[in-house]
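Contents: one structure, followed by commentary.
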Amino acid sequence: MIGLALDLLIIVSLIGLAIQSINAASLFRGILHFVVLGLAMSLAWARLDAPDLAMAEAAIGAGVTGALMMIAYRRLIEIQPDQESSLRPPPSRLAVPIALAAGALVGVIGLAAIQAEPMPALAGTAVLENLGSTGLGNPITGVLLLFRGFDTLLEITVLLAALLSAQAVTRQVDLDQSLTTQDPDTPLVGALLAIVVPLTVLVSVHLLKAGGQETGGAFQAGAVLAACGVLLVLTGRLGASRQYSPLVNTGLLVGLLSFILIGLAPLLWGQPLLALPGLWAIYWIESAMMISIALTLVLLFAGAGSLKRRDHG
Amino acid sequence: MTIADSIALILLLAGCAFYLAGTIGLLRFPDVYCRLHALAKADNTGLCLICVGLAILSADWQVAAILALVWLVGLLAATVSAHLIARHAHSAGRVPARSGPSRR
Amino acid sequence: MDSATLYVLAAAVLFGIGVHGLIVSAHLMRKLFAINIMGSSIFILLVATATPISGQADPIPQALVLTGIVIAVSATAFGLALMVRMSQETGKATLAVEDEPENDD
Amino acid sequence: MTTEALALIVFLPLLAAAGAVVLPTAWLGLSIRVGLMPLPLLLLIPTLEVLENGAYRIALAGHSAPLGIAWQLDPLSLLMLWLNVGMTLLISLHANCSFRPGQPHAHRFWPLWLLLFAGMNALLLSADLFNIYVTLELVTLTAIGLIALEGKPPALRAAMRYLLLALLASLLYLLGVGLIYGQTGVLDLYLLAERLAPGWLSVTAIALMIVGLLIKAAIFPLHAWLPAAHGNAPGPVSAILSAMVVKVSIYLIWRLWFWGVPEWDLDRAALLLGVLGGMAIVYGSLAALVQQRLKLIIAYSTVAQLGYLLLLFPLASTLAFQAASYHLLSHGMAKAAMFLAAANILRSLGTDRLRHLAGIDQRLPLDVFALALGGVSIMGLPPSGGFLAKWLFLEAAWSARAWSWLILIALGGLLAAAYLFRVLAVVCLHPRRRGNHRHLKRTPDTASLAAMLLAVGAIIAGFTSAPILDLVEAGLPPGLPR
């Protein structure tokens, strides 16, 4: 009963936040609502028995997306401070009927899918049966790294492609502009960083290690680490740079390269393509992916091709 | 329901009440300083009460330690961000409202 | 009514909101919100309709949705960069129809 | 051997893309060569394997189908792979002129280009519905990045519109995949045939996936994003987009339709798709007829020519399959040639407005010739690959007694002739042809050469059809009538 009430509460807030994020009076409020919507989504995942998704949504869906939207908003208002005045959307009489029809279609499909005769989920069953022999405890990590590892390899490639595409469209001249305010640094910020940075690194390493057995994994860990990087960019410790940096670029690609090379290696001794040789390979690839994911997200945030350290007081 | 459970329940409810107060303050207070005041103080007290309540419910030292850490980090983040926002508002020339309707 | 059904209905409503937002919003960032909301609703649908396997959640839909979330964030990040550049070049972050003669050089 | 070769076909371009990002600029040329040059040789190995033993399947990570992801190479995917490898290589020859390492956008262009290439190869090999979704996203994101690369406002707008529509399309596809998993418990395309019963839910799932793919394939009336995107992209990008990227979506619909659910009774849906194809042909051609810019004419021509690929559904015979595959191949080469030639003209003239093109044939003879040869194939004049494809289509329609399709195919050829002769007439027969174009920039010879090679390829396809048609026939879906 309490569970159902909780579900209802989550759902009502999901819907309210969704409406608000699109219809809020100002774009800035829309972004705030959208970020909170991500947090509500993560509660929904927890209720749907999907803790990995809850964590991923909180870190990636709400955290990283929110940061990216905020920074995009800042760049927008630098160009045109008033983002809403010129935008009176043409009233569309078809919008409501189309939206109703689309929603109804999804609803009917979903209800039918729930009520349909439950089919044996062959793939899922096979995952749970084969998990024992791998030494992993978290079936989702098993799916992502072992059974359907190629999906994950391509997924980090998609992330890389998004970064490269974003860099391709980012204008090069305004890179040197600082993302930080011109305020002189306050002592509090340094103190905060001194505590938060090691703590975040610790948490992401924990998430990474935990991913093998319970909730966690490279994506969640990478997003947490990225949050740390975003903090460093915002407080002026890291700055956007145009200079080619072998270190940054290697970090950016270490995940993909490790995955490909460890995936190709088994062919040399007659094993199947992408058959990872043991648990160490999983942990290695996950650690490398964590670093790459974090760097990719920070670079997306900084809108830059590279990063450099900056002295700050 | 044991005594510990009831104490935990009371703490949780009290925590929620503080959160509610903080949120009302955020929505109703006239200027950025008052709002920060409401958020930073009330919410952190609420968080503390809820953490203590949960720690009692869990009856496990490890969980209690993690909850304490959660509260500490939350406190730290709230302190610094409230400070930074207030500082930014101050340097941007926002004057605290004396009275009257909320300004934006 | 069980919670899976509730979440399916929520997904339907969210999808409708997303479609509506995609049509009526002029600002590109709101269009990106709308697409993301539609995506989230479909992710919820996929997880909520999955059949549990002997009491345990089916890991496949969850793994697929995890991949989907990362892909959605990637696409959104690129969309935001594209929007900022459009705004730099044209001063506007919209796809307004009137300023788009197709035969433009 | 075959497994190793296929692995390299996907991973070599990926590694080269990584190299292009991580290595200093001086090494860019090497990365590009490593990622592209060995591919035709590598592809020979699986080709021999498929010609000898038929379809070849790899269980990735050693986990067979319901549990893991599989690659499946059959004659049709082999043909598509050859097409992708061949055209990417030829177009890269052209791209190496406009994006030569060291030039402004080069270090942005090549990693994306190589990722697009790798993504297409992975897509063509994949037998897994969800894996296909991921590859589609990879292809879409890189393609859009490439469109917007030069940062011109029309290209940016087109890229944004493409992105929004492509995301919408991906969501529809993903929803379909999820429903199919709920219905069957598997994600492998080739396991669907025996496990997916035609209930309304499974029909909806397939329909959602097909609609998503139709958006990505820019089929009328979902075509709105294509002309602006293809018409404003950099030349090599327009070429690969029109020649391959939109077509893999239709290839996927073929896969779903004829391999995924071959037992279903889909006559009415087939008719609907055929009608959409017909409308695409007529609308695209008419729109091409009124455009004022060369690249937009070619882009609208793509909208029209994609329509033919849908005629396969109502005709559904061996002949129609050969016709459609051959059309895919010859249109790919001809369209790539035309886009490259147009890019050369645009580059040396500074504009591709039709009224400025008068007399350009004397200054850029090679490019105009490539344009004309590509046009010959698109119109379906003999001797060319396009002619053969249209002829096969006509034959298929004739033997199916499908008179309306017959008329449509003939009409499509006439309309294509109309919009292409309009271009050629302006270029070659315009009265103001002398005294113009003093300030032409020289086109690099390799750029013209690439266009010329592709155009000649489209013509030669008219003579060397037998082995390719045999290959297509060997890879026909089960249960297709003659």
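Even glycines carry a Cβ here, placed using N, Cα and C.
Whatever TrEMBL says is automated annotation, not expert-curated.
The transmembrane segment annotation in TrEMBL covers D:79-97 (among others).
Taken from TrEMBL, the feature transmembrane segment covers D:109-126 (among others). Outside the transmembrane segment (D:109-126), and at least 6 residues removed from its termini, the chain residues within Cβ reach (under 8 Å) are 6, 9-11, 13-14, 16-17, 20-21, 28, 31-32, 35-36, 69, 71-73, 77, 80-81, 84-85, 88, 92, 95, 99, 101, 132, 135-136, 138-139, 142-143, 145-146, 149, 234, 236, 240, 244-245, 248, 251-252.
The domain 'NADH:quinone oxidoreductase/Mrp antiporter transmembrane' annotation in TrEMBL covers D:126-410.
Residues of the same chain lying 6 or more positions beyond the ends of the transmembrane segment (D:132-150) and with a Cβ under 8 Å from any Cβ of it are 105, 108-109, 112-113, 115-116, 118-120, 122-123, 126, 156, 158-159, 162-163, 166, 170, 173-174, 177, 189, 216, 229, 232-234, 237, 241, 245, 248-249, 252. Residues or ranges marked as transmembrane segment in TrEMBL: D:132-150 (among others).
Sequence annotations record features per position, and here TrEMBL assigns transmembrane segment to D:162-181 (among others).
If one looks beyond the transmembrane segment (D:201-225) by at least 6 residues along the same chain, the residues whose Cβ comes under 8 Å of a Cβ in the stretch are 129, 136, 140, 158, 161-162, 165-166, 168-177, 179-180, 183, 246-247, 249-250, 252-253, 256-257, 260-261, 264, 269, 276-277, 279-280, 283-284, 302-303, 306-307, 310. What TrEMBL records for D:201-225 (among others) is transmembrane segment.
The transmembrane segment annotation in TrEMBL covers D:237-257 (among others).
Counting same-chain residues at least six beyond the ends of the transmembrane segment (D:269-290), those with a Cβ under 8 angstroms from any Cβ of the stretch are 207, 214, 219-221, 223, 227, 296-298, 300-311, 313-316, 405, 408, 411-412, 415-416, 418-419, 422. The transmembrane segment feature in TrEMBL is assigned to D:269-290 (among others).
Long-range contacts of the transmembrane segment (D:297-316) within the same chain, counting only residues at least 6 positions beyond its ends with a Cβ under 8 Å from a Cβ of the stretch, are 217-220, 223, 226-231, 238, 242, 246-247, 250, 254, 257, 266, 269-271, 273-274, 276-285, 287-288, 291, 323-324, 327-328, 331, 335, 338-339, 342, 354, 378, 389, 393, 396-397, 400, 402, 405, 408-409, 412, 415-416, 419-420, 423, 480-481. The transmembrane segment annotation in TrEMBL covers D:297-316 (among others).
Positions annotated as transmembrane segment by TrEMBL: D:328-347 (among others). Within its own chain, the transmembrane segment (D:328-347) is flanked in space by residues 79-80, 83, 87, 90-91, 94, 98, 230, 234-236, 238-240, 242-244, 247, 250-251, 294-295, 298, 301-302, 305, 308-309, 357, 360, 364, 367-368, 370-371, 373-375, 377-378, 384-386, 388-389, 441, 443, 447-448, 450-455, 457-458, 461-462, 468, which lie at least six positions past its ends and keep a Cβ under 8 Å from the stretch.
Nonlocal intrachain contacts for the transmembrane segment (D:368-393), taken as residues 6+ away from its ends with a CB within less than 8 angstroms of a stretch CB, comprise 301, 305, 308, 311, 315, 319-320, 322-324, 326-327, 329-331, 333-335, 337-338, 340-342, 345, 360-361, 409, 412-413, 416-417, 420, 423-424, 427-428, 448, 451-452, 454-463, 465. Residues annotated as transmembrane segment in TrEMBL: D:368-393 (among others).
The transmembrane segment annotation in TrEMBL covers D:405-429 (among others).
The transmembrane segment annotation in TrEMBL covers D:449-469 (among others).
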